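Asker: One structure follows; several queries about it will come next.
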């Protein structure tokens with residue numbers, strides 16, 4: 001304590017109060033309890049009480065110093081046209097802004113990477129579950145086949161399940177095909193060449209077509225109709241003995257070749 005007092009006496013300067021502006025007071029009176037809270041009543045481990053004691057001590061200093069400053073005609077309020085220069089330059093603030101922006105972008109990239117990893121984990125989990133289910137179904141079917149081969153079971157339910165599953169897959173694929181339909185190239189070929197099917201023997205006679213004589217016309221078959229070169233027709237023997245033309249002879253030669 002003696003050493004502290006000696007150090008205080010050494011750096012103390014005997015100046016007027018307006019040059020020192022020091023105020024040493026206790027905390028202001030509490031408006032609720034109407035009493036000044038002492039230092040013994042404040043728990044130093046309680047953050048709220050400690051900060052409140054500092055706040056009330058600063059209030060007491062303001063209430064003491066303001067009247068003295070006004071008495072000495074010292075202005076205590078900042079004028080409206082007061083201009084305060086920033087402590088940091090615009091270049092330094094630009095660097096800080098760029099750094100904050102880069103940190104934000106890095107955080108966004110990290111968040112996207114986390115989301116992608118989570119989606120990959122979920123997809124992998126679903127794939128593993130599907131594979132496990134298929135392996136389990138395969139194992140159950142093999143066990144049922146072994147039991148049936150050994151004579152322990154006479155049920156063939158596993159074949160029905162497999163058949164129903166395969167039929168369901170076929171129906172699904174057929175519905176997909178019908179829903180999708182042929183492409184433009186296939187539609188053009190179908191329109192041009194037909195839809196396939198049996199071509200050879202499509203014009204052969206059957207028993208029903210052989211017995212069907214409803215479309216038979218005797219006059220047309222025996223060349224006796226009008227204008228067909230029959231006995232009462234216009235052509236007669238002249239039409240039969242008429243020599244074919246040049247174009248007809250050329251067609252006959254081409255057919256003979």
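For all residues, glycine too, the Cβ spot is worked out from N, Cα and C.
Remember, TrEMBL labels are computer predictions, not curated facts.
According to TrEMBL:
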REGION    28-47  region 'Disordered'
COMPBIAS  31-40  compositional bias 'Polar residues'
REGION    97-127  region 'Disordered'
COMPBIAS  102-114  compositional bias 'Basic and acidic residues'
COMPBIAS  115-124  compositional bias 'Basic residues'
REGION    158-257  region 'Disordered'
COMPBIAS  164-176  compositional bias 'Polar residues'
COMPBIAS  177-190  compositional bias 'Basic residues'
COMPBIAS  211-220  compositional bias 'Polar residues'
COMPBIAS  234-257  compositional bias 'Basic residues'
Asker: On the DSSP side of things, how many residues of the compositional bias 'Basic and acidic residues' (102-114) fall into helix, strand and coil, could you say?
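Answerer: Reading the DSSP string over the compositional bias 'Basic and acidic residues' (102-114) gives 13 helix, 0 strand, 0 coil.
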Asker: Just to be sure I understand, if DSSP states are collapsed into helix, strand and coil, how many residues of the compositional bias 'Basic residues' (115-124) fall in each?
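Answerer: Split by secondary structure, the compositional bias 'Basic residues' (115-124) comes out as 10 helix, 0 strand, 0 coil.
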Asker: Of the residues in the compositional bias 'Polar residues' (211-220), how many are helix, strand and coil by DSSP?
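Answerer: The breakdown for the compositional bias 'Polar residues' (211-220) reads 4 helix, 0 strand, 6 coil.
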